[in-house]
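Here is what TrEMBL says about this protein:
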- D10, S11, Y42, G43, N75, T76, T190, H191: substrate binding site (BINDING)
- C74: active site, proton donor/acceptor (ACT_SITE)
- C189: active site, proton donor/acceptor (ACT_SITE)
Amino acid sequence: MARRPILVFDSGIGGLTVLREIRRVLPDRRLIYVADDAGFPYGDWDEDRLRARLISLISGLLADYTPEITVIACNTAATLALADLRAAYPGACFVGTVPAIKPAAEQSRSGLISVLATPATVRRDYTRRLIATFAAHCDLNLVGSRHLARLAEAHVQGTPYDSNTVRTEIAPCFIEKASRRTDIVVLACTHYPFLTKVFEQRAPWPVTWLDPAPAIARHVLTVSKAGRDLSETEPAPVDDTADIAIVTSGRATPTLHALLRQFDLALAASTTN
Ligand code: DGL
């Protein structure tokens, strides 16, 4: 029997930045991409309502696709509900995307680090705990952006964006203290790596824009290998069924279709909504 697929979930197109890296390390695995575009943007949701929505959506996806691994490729969702999802579905395997505060603290030379995320991710206890655990020795500056996730959606789908908005949204990431200045900005929303070039052009000085997607993909690879070692004596055949994308709105514009095609994803006819 072919191995079960890997499901990658986000509120929109952001998780594609994670899917791209998973495909690099696991080129033979079937991938299912789910964009909860009917719920986008998650950054604006009340926590209890979003938690309930995630638990119910993921329940349907687990039943329909029985993924081997479900990657919550959304910081806003994972920092809120990863523990709840694991508790609700103990038989399922989840990998989350959470702000890359630990690697940033290890790599920063100046000790001045900014975390650029949705306002919701900035507010989460989970994010505060990561800082206390891994970066207590650094100056951590949390920057909640109200507009960048929408702007990334527009940018990737070919709509012009306002450069001044980008400049204003990233400006609080840049801090100078005595002779030190910010040297790492953690991209703590999976939409933002689509804007890295735009950020670089508008940054007051060069910094490392830390995209955790390659590290998440390596973690998925490790989890996937561990699963195989436990349950299989021989490698399972490759599942050559097409990789698909599901959008919960049930509607995809021609530009979204084209984008999904660029990622070698066929839009599924059915939706989860
Ligand atoms: N891609 C999501 C994240 O990583 C957030 C975008 C949204 O606000 O829905 O946080």
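Note: Cβ is positioned from N, Cα and C throughout, glycine not excepted.
TrEMBL annotations: computationally assigned, not manually curated.
Feature map: TrEMBL annotations on the structure.
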| residue | record | DSSP (3 states) |
| --- | --- | --- |
| D10 | substrate binding site | strand |
| Y42 | substrate binding site | helix |
| C74 | active site, proton donor/acceptor | coil |
| C189 | active site, proton donor/acceptor | coil |
Max pairwise CA distance, angstrom, over record-listed substrate binders D10, S11, Y42, G43, N75, T76, T190, H191: 12
Are there any residues at least 6 positions away along the chain from C189 (active site, proton donor/acceptor) with a Cβ closer than 8 Å to its Cβ? List them or say none. G14, G43, C74, N75, T76, L116, A117, T118, T121, S145, L148, A149
What are the sequence-distant neighbours of D10 (substrate binding site), meaning same chain, six or more residues apart, C-beta distance under 8 angstroms? L16, V18, V34, A35, D36, A73, C74, A77, T190
Sequence-ordered list of residues in the chain of Y42 (substrate binding site) that lie 6 or more positions away and have a Cβ within less than 8 Å of its Cβ, or none, is S11, D36, L50, C74, T76, A77, T118, A120
Tally every other Cβ atom lying within 10 Å of the Cβ atom of N75 (substrate binding site). 34
